[in-house]
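See structure below.
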């Protein structure tokens, strides 16, 4: 992305100093421009120091939250067997791209701003520009893949059953990274370190012509913003409609009766029957083996003794005791879709100002520079980088099973030392077994003895 504000918005390399800078470029620079010295801004030292302190604090907070949060996501999704689903595979790729944005881009954007010059050389300049573009492209395409996967799983379950596997998700993720890598090749080709004044270097995009720069900006705006936005809006709109109709017209009893009629009429075991659909025919509840239906959680198979124990101890459902299984699955899907919608909305809110600024600068560089230089462009950059740290917060606040997986992972990494039980004194009576212990003893005895 044309986003690297490397030594662009600070007033200069010294108190009250004028900075010779190109008139054309704004975000990283993409045209040659004419060097002109701007008059120093008349601001107090206290205001300048406060702005610098706020900027450093915000950058540091976003950087730490992005690194810690996305590393936590990668570890939890990698270690938890219950979270190894198709949707979470794309969320894992999204976390890797956000981590790449934080580690490979943020330090090399902040430090040149503080120092007033770019000191890292041409190789780092090209690499930072390339990795930033790849990260944004992978994030966008991953969100599109998640939307299409959820649409297929919820609205087209029979067709999704054929290809909705983790191996297929892995192939899509690899294709996403390869496509993003190829799409962003122009960035390292047309990025270089250029002098912007006396002892001032800048990492800039230098396109062959203004027409090519405008074409590139419009192309990115269409491929990575408008088209993905329309696809995701349509997909989640259809998903919301399907879930709303499923919750409104819940026909478990109708489908059970239809399954019985179908089995009596020669269907093998009533295969493929599930909850009734509002259009009058039964809809199959097809999903991955072991998945509970929300797309972000896998129900691991339990051993036979555990199943027997759950059957013995499970309370008998009565009227009004809670939602039925099919309705509970729909509610779980609805919660996951709501979380994914929040992720999509936050992503586009964070990157909309950057796309708008880049397009404005491509067609009206001087006007964009006058309007956005200084605090506005600093806020735009901070907002775009904040997109790398919002997803972990969304997962923790809106994904109960992810929170539980985080706690389980922390408990596994930092186990508590076992507490020693106090031994009874010789004159004390032995402890009376609790009801739970008696239940386990009785169950073990029954299971061991077997029938008659």
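Backbone N, Cα and C atoms are what each Cβ position is placed from, and that goes for glycine too.
Small disclaimer: the values here were computed from a predicted structure and weren't measured.
Going by the topological domain names that Swiss-Prot assigns, residue 243 and residue 412 belong to one and the same side of the membrane.
It is 128-148, from the ranges 2-22, 23-43, 128-148, that Swiss-Prot records as transmembrane segment.
Swiss-Prot lists region 'Disordered' for one of the ranges 226-255, 256-285, 286-315, 316-345, namely 256-285. Within 10 Å of the Cβ of residue 203 (disulfide bond) there are 28 other Cβ atoms, across all protein chains. When the topological domain 'Extracellular' (361-376) is classified with DSSP, helix, strand and coil residues number 13 helix, 0 strand, 3 coil. The recorded positions under consideration are 125, 413. Their Cβ neighbour counts within 10 Å are lowest for 413.
Tertiary neighbourhood of the transmembrane segment (58-78): same-chain residues 84, 88, 91-92, 95-96, 98-99, 101-103, 106-107, 110, 382, 385-386, 388-389, 391-393, 395, 402, 405-406, 409, selected by CB-CB distance under 8 Å and a gap of 6+ residues from either end. With DSSP states grouped into helix (H, G, I), strand (E, B) and coil, the topological domain 'Extracellular' (121-127) comes out at 7 helix, 0 strand, 0 coil.
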